[in-house]
Ligand SMILES: NC(=O)C1=CN([C@@H]2O[C@H](COP(=O)(O)OP(=O)(O)OC[C@H]3O[C@@H](n4cnc5c(N)ncnc54)[C@H](OP(=O)(O)O)[C@@H]3O)[C@@H](O)[C@H]2O)C=CC1
Ligand SMILES: O=C(CO)[C@H](O)[C@H](O)COP(=O)(O)O
């Protein structure tokens, strides 16, 4: 086939690509060319959705020939080598002026490298984070494109037409140049990890503290979803907890192996935060919690280590559940605050002009972390675009102030009962760390100076100083 009948193409037709292709095809005026490495997925998509009018291609040459010029193709394949292989193949058959969009999850330094390399051929390359899972890809995801301003002129209208809409606005914005879009998607996923872990800890605390069944806890989450915690993740948690296993009749959550997988975006968020010097401790704990769960041999080796000697029953179940709700909300504020802090630091490091308020708005619909309180984040940045710390904005400071006593009680309960709550505890430690007037970092500086002459600064005068620890212990200016 060689008629240039399609105005856009999708390469990679697994769950995300197939649904994104259907989303594109459902929009007025679009004809979508589709290509997959193995032809089975292409054939299945085309035969299952004749209404979409797909133009199937079975080679990159056919795919290029089916697209009107300048060509636009969205890649939705596995991160890493698969993405590189697909880009290389497209570059072979595309021409200067064409646009290649990587809509998968990519590590942003890869996106920066790929954009640079593809630009040399005259072809435009755009890394665009896309969130929303299967349902979002089909009905409207949240889209975080990077790339050049010129590419955005062509791509903007297409992406706006397929994105989710929240409060009348499409959930897509030109995030910034080169890797900015994938950077923001990476942090989105880091927040997603934290939010999921916090919800899982809340479930565990309630289940172990009150003995309620998963179905009963599902009702609690459904109730929480009608208040300030309203979010997609709380909603689907209730659905998962309500589900019974057909084979055993047991709650599904009890027959799922308790080892959480991870495809890498959480680890990228933490690695990047470490290199930027941004303390995303809640996100890090959530990422490590998945990794801890996935070491059965170590868990087996630790099983007989002693725990608390006395049981710590919950006296007042209703009050305890409310405490957990408040602890969850407070910790969630910390997770988002840490994530936005990482985006702010990344933008400064890489020279991206990222509008944090616009990011909070495009996360209000379509994506996995969509939540009612993103409106509050948007308001905070509208009021103070250069906000140094999201959780210190008046609305969040007030919410943390109201929730902090409950948060402490929950962390104390978890500690006394021997229930791991790493995301709750580390979020609280972050909150207390930032609000502390003095930190023991002063002692760490003293230790560093003692063993390595690393010097320290003083509270009372400018300059760097060193104590002659192995001499007469007098202080010298460094
Ligand atoms: N699943 C989700 O909820 C979300 C996924 N994403 C991201 O979207 C992208 C697509 O995700 P998903 O739909 O889950 O699919 P997968 O990540 O499972 O990737 C499968 C697709 O990649 C293709 N592929 C694998 N290796 C190669 C290769 N060497 N060359 C060419 N194609 C290759 C497969 O082709 P074949 O059929 O021949 O094996 C298939 O089309 C990923 O980057 C993912 O991280 C983003 C948001 C949400
Ligand atoms: O990007 C996503 C959602 O936003 C994907 O669902 C991603 O796969 C989630 O990450 P992980 O598999 O590590 O849980």
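Think of each number as a place in line: the chain as shown, counted from 1.
Backbone N, Cα and C define each Cβ position, glycine as well.
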Message: Given that TrEMBL assigns 12, 13, 14, 15, 16, 17, 36, 37, 38, 77, 78, 79 to the NADP(+) site, pick the one from 105, 124, 139 that the record assigns to that site as well.
response: 105
Message: Suppose you look only at the domain '6-phosphogluconate dehydrogenase C-terminal' (181-470); what would the mean pLDDT be?
response: 97
- prompt: Listed binding-site residues: 12, 14, 36, 78, 105, 132. Which have a CB under 6 angstroms from an atom of ligand 1?
  reply: 12, 14, 36, 78, 105
- request: Could you list, ordered by sequence, which of these recorded positions: 38, 105, 185, 193, have a Cβ under 6 Å from ligand 2?
  value: 105
Task: Would you find the one among the binding-site residues 290, 454 whose Cβ has the most company, meaning other Cβ atoms within 10 Å?
output: 290
Query: Where the record says 12, 13, 14, 15, 16, 17, 36, 37, 38, 77, 78, 79, 105 bind NADP(+), what is the longest distance in Å from one Cα to another among those residues?
result: 21
- request: Among all chains shown, work out which of the binding-site residues 14, 16 has the most CB atoms within 10 A of its CB.
  value: 16
